[in-house]
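The following features are taken from TrEMBL:
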type: TRANSMEM; residues: 21-39; note: transmembrane segment
type: TRANSMEM; residues: 45-67; note: transmembrane segment
type: BINDING; residues: H68, H190, H194; note: Zn(2+) binding site
type: TRANSMEM; residues: 109-129; note: transmembrane segment
type: TRANSMEM; residues: 136-152; note: transmembrane segment
type: TRANSMEM; residues: 164-183; note: transmembrane segment
type: TRANSMEM; residues: 195-213; note: transmembrane segment
Amino acid sequence: MAPPQKNPLPFEELANSWSHGLGAGAAVVGVTLILILAAQRADGYSVAGLSVYGASLVLLYLVSAFFHGVKNPRLKEALKLADHCSIYLLIAGTYTPFLLTFLRGPWGWSLFGVIWGLAVLGILGKVLWRNRFHRVAVALYLGMGWLILVAFKPMSETFPVGLVWWVLAGGLFYSFGVIFYLWERLPYNHGVWHLFVLAGSLSHFLGMLFYLIPAEAP
């Protein structure tokens, strides 16, 4: 994820690119592992949800790494748009396996429709207005991320307790990271933001690995 405008310090963009480049590599390995296990042990809903999540996770890290790594101005501008749009996809993609595995009733399908609807609207807004309403977009990212709280009661009744903590931990990592993302006067603030993104992604991934994949095949 990239702020709309900032003159990077020496090596800042290199650090940003490498941090999410390593994240992309880890995501490919992790997603491959979790999909192999899901195909062996989980049902079709979980496999479908994890596939959507995995695609969105790898996409975000790849786009971010390339965006921060390229120097061509026109290509960089196009990748910045893709970078911002991929955040909406990752938020909705992260919801998907949780909803399809544990909340398939009215709450689950309603949240599924709302979160993907907001993702589509957010992407359209980015395409149409680019960075004109950047802080509104950041607020929408946060709002989408914490939308799960409206279903906290059914979530607490259907999610394993450990999974609830992994989900909340991931949300807190992302949310606290936004402080550094917006703190543009702080040297290398964006690299710090990337570390929080990695921590949030890891928390959600571990929650899925430990609790969405059955210990044994049915």
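Heads up, the Cβ atoms here are built off N, Cα and C, so glycines get one too.
The structure, with features from TrEMBL marked on it.
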residue	record	Cβ within 10 Å
H68	Zn(2+) binding site	26
H190	Zn(2+) binding site	24
H194	Zn(2+) binding site	27
Tertiary contacts of the transmembrane segment (21-39), as residues 6+ beyond its ends and Cβ separation under 8 Å: 46-47, 50-51, 53-54, 57-58, 61-62, 64-65, 69, 194, 197-198, 201, 205, 208-209, 212-213
Tertiary contacts of the transmembrane segment (136-152), as residues 6+ beyond its ends and Cβ separation under 8 Å: 84, 87-88, 91-92, 95, 103, 107, 111, 114-115, 118-119, 122, 125-126, 167, 171, 174-175, 178, 181-182
